[in-house]
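A.B. asks: The transmembrane segment annotation in Swiss-Prot covers 14-34, 53-73, 149-169, 191-211. Residues or ranges marked as topological domain 'Lumenal' in Swiss-Prot: 35-52, 170-190. If you look up Swiss-Prot, you'll see 104-154 marked as domain 'DHHC', on the strength of sequence analysis. Residues annotated as region 'Disordered' in Swiss-Prot: 293-352, 509-540, 613-747. Marked as compositional bias 'Basic and acidic residues' by Swiss-Prot: 301-311. Among the features that Swiss-Prot reports, phosphoserine is placed at SER337, SER606, SER627, SER675, SER682, SER725, SER743. Under the heading compositional bias 'Low complexity', Swiss-Prot lists 622-653.
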Amino acid sequence: MPRSPGTRLKPAKYIPVATAAALLVGSSTLFFVFTCPWLTRAVSPAVPVYNGIIFLFVLANFSMATFMDPGVFPRADEDEDKEDDFRAPLYKNVDVRGIQVRMKWCATCHFYRPPRCSHCSVCDNCVEDFDHHCPWVNNCIGRRNYRYFFLFLLSLSAHMVGVVAFGLVYVLNHAEGLGAAHTTITMAVMCVAGLFFIPVIGLTGFHVVLVTRGRTTNEQVTGKFRGGVNPFTRGCCGNVEHVLCSPLAPRYVVEPPRLPLAVSLKPPFLRPELLDRAAPLKVKLSDNGLKAGLGRSKSKGSLDRLDEKPLDLGPPLPPKIEAGTFSSDLQTPRPGSAESALSVQRTSPPTPAMYKFRPAFPTGPKVPFCGPGEQVPGPDSLTLGDDSIRSLDFVSEPSLDLPDYGPGGLHAAYPPSPPLSASDAFSGALRSLSLKASSRRGGDHVALQPLRSEGGPPTPHRSIFAPHALPNRNGSLSYDSLLNPGSPGGHACPAHPAVGVAGYHSPYLHPGATGDPPRPLPRSFSPVLGPRPREPSPVRYDNLSRTIMASIQERKDREERERLLRSQADSLFGDSGVYDAPSSYSLQQASVLSEGPRGPALRYGSRDDLVAGPGFGGARNPALQTSLSSLSSSVSRAPRTSSSSLQADQASSNAPGPRPSSGSHRSPARQGLPSPPGTPHSPSYAGPKAVAFIHTDLPEPPPSLTVQRDHPQLKTPPSKLNGQSPGLARLGPATGPPGPSASPTRHTLVKKVSGVGGTTYEISV
């Protein structure tokens, strides 16, 4: 009497089986209580024993026939034979012992019924060797329970014969007392047994015939094999033996165990705990033809370990240059040279058109960020372990790095201060974009250590990245190629003109290595601007398209005319140069990367002289003013492919009040150093195709602490080059408080070129 899952309980179908069980158990119990005691004394003690054994056998077979699986075939899935359900023929013929047997398609179970299988309309299942559905046992009679049903009929018939026979003996011996209770109950049991004896004996005889002939009730009723040969018969004895002694057929449908549903309820507003080591999430990205597999490990514990990291780690190890990859471009330089800081870092282009043509380059070490008021000392540079590196890749925009590229530098950044004005609000927006740009590079995270200047107050802003903090991956022009590291000697990140240089050593050199010039302790500064020679960014043109180079060539003539105008301006101002407004990030390190003769440094005056100086808001040199206007307008058209926090410094540079700055002096030891090798040029586009940007010879003054206001500063409007401020893009030297500069000034020409889509590039000559 197994019930298929999902069917409703129908109480009416249990009425026949409940009646049969009640009559069987009730009548037999009355017989054993009221009749068997006298039969035991008068006839034989074997009478109740015999009837008891037969009764137990009847109950056992009845239970097996009722609760046993008759051989139900499992239904096919909805989509398993969906096509066959519409196109399959209704019948198929198979050979059984050389006889064609027809199989019918079952539209309910979605398969062809095996031979002798039929679908039960009551149970709604296809049953193997289906005989019939018996309501007295409330179950189908099939291959697996037919044996117990047949034995139930035989034992029940024998039990009924015994009850009627021994009851008749008791009544005949108590004929004078028919009104007695024992005689009345015995006569009632005899009537019930005799009433059901006729159909039971008839049904038993019918199944005896079917068993001996090897047929089922369904085959007999439907007329199968009538007048023909039954392919399933085994002979009379063989059929009886097969029914009574054959092994039990396997069960095809196994009901799942009904276990109590354990549901763990958690109170609301509580987030589930994250695993400390979650499995990496593989993300397949498709953008601009580039597909990269990224492994992101998101876990709460990895973020917690970042804060728990000790702050006593040493500086990062020198880079390991991979030989054999673009050997013409990656020449292994000597340590300490300018090429050693540049050859191992390449930049991926920010324009989508260049993503398809990026070769893989080896990576270099990552140098920590410095913000205003914050500086990373050399020997105490802090790096995190690899276990925390890969766990910090919580990025809102996944990077598009190549799959074979190792972990890049994801730079630690601090949230900006609350905006106090419109300029601060604009700088905060730029800083948030810079966070996204810097977080696209997964890898080494560097902790920061704040540093305050000795004589200046802490600055109110924070910056995002330092000149040599971003990793480069190929040789195209992009946001990061303008941020290549400067001299191996290393410089302090200028948080403000008032912040001085603390003894920072480059991660590429040992703190005590040869060639590291001595650095005196910072002295008190005077409120003047120090020398700020400009240096071009070492960029590569290997991956530039022909369209960009054609645009470069088209603008060559116009830029040559502008250079002539700027040369006239240089003759007017002598040793003055064209610079941006003094900001914290316009003072960058790059002097060792330049080419050309040295020139004396410029000494800057106060902000009032800068504004009132020639070429800035005055009519002393209209030609220079026109060239500066056209230059700033072309620069300002650069798309914001990536943002930085330099606009915050521009806001501070425009604020009224005196500007503390580093002195315009050098130590005698630094003045006599030879010029290091120049920036390597691209083998593809070097020579006549390179053009120049304004950069005049700057006379270097002798060491002095006097404030000179002779030469005003030329100021260009704040603009962005390839998504960054020009001060950061040109990598000027980092200036600290009065004292020796980190690197001598060198003359270099830089060309600003507009590419496809308005992108502006700087090309060094």
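Cβ atoms are placed via backbone N, Cα and C, with glycine included.
What's the neighbourhood like for each of these?
C.D. replies: Below 8 angstroms of C-beta separation, residues 1, 48, 51-52, 55, 58-59, 62, 66, 135-138, 156, 159, 163, 166-167, 181-182, 185-186, 188-189, 192-193, 196 of the same chain, each at least six residues beyond the ends of the transmembrane segment (14-34), sit close to that stretch.
Counting only same-chain residues 6+ beyond the ends of the topological domain 'Lumenal' (35-52), those with a CB under 8 A from a CB of the stretch are 28, 159, 162-163, 166-167, 169-170, 173, 182, 185-186, 189.
Counting only same-chain residues 6+ beyond the ends of the transmembrane segment (53-73), those with a CB under 8 A from a CB of the stretch are 1-2, 4, 17, 20-21, 24-25, 28, 32, 109, 111, 113-114, 117, 123, 125-130, 134, 137-146, 148-149, 151-152, 155-156, 158-159, 162, 249, 251-253.
Taking Cβ pairs closer than 8 Å, the transmembrane segment (149-169) reaches residues 24, 27-28, 31, 35-36, 39, 43, 47, 50-51, 54-55, 57-58, 61-62, 64-65, 131, 134, 137, 141, 186-187, 189-190, 193-194, 196-197, 200-201, 203-204, 207, 211, 243-244 in its own chain, all 6 or more past its ends.
Same-chain residues lying 6 or more positions outside the topological domain 'Lumenal' (170-190) and placing a CB less than 8 Å from one of its CB atoms are 27, 30-31, 34-35, 38-39, 42, 163-164.
Tertiary neighbourhood of the transmembrane segment (191-211): same-chain residues 23, 27, 149-150, 153-154, 156-157, 160-161, 163-164, 167, 217, 220, 239-240, 243, selected by CB-CB distance under 8 Å and a gap of 6+ residues from either end.
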A.B. asks: On the DSSP side of things, how many residues of the topological domain 'Lumenal' (170-190) fall into helix, strand and coil, could you say?
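C.D. replies: Breakdown, helix to coil: 17 helix, 0 strand, 4 coil.
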A.B. asks: Quick check on the topological domain 'Lumenal' (35-52): DSSP residue counts for helix, strand, coil, in that order please.
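C.D. replies: Going by DSSP assignments, the topological domain 'Lumenal' (35-52) contains 15 helix, 0 strand, 3 coil.
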A.B. asks: Summarise the model confidence on the topological domain 'Lumenal' (35-52) as a single mean pLDDT, whole number.
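C.D. replies: In the predicted model, the topological domain 'Lumenal' (35-52) has a mean pLDDT of 92.
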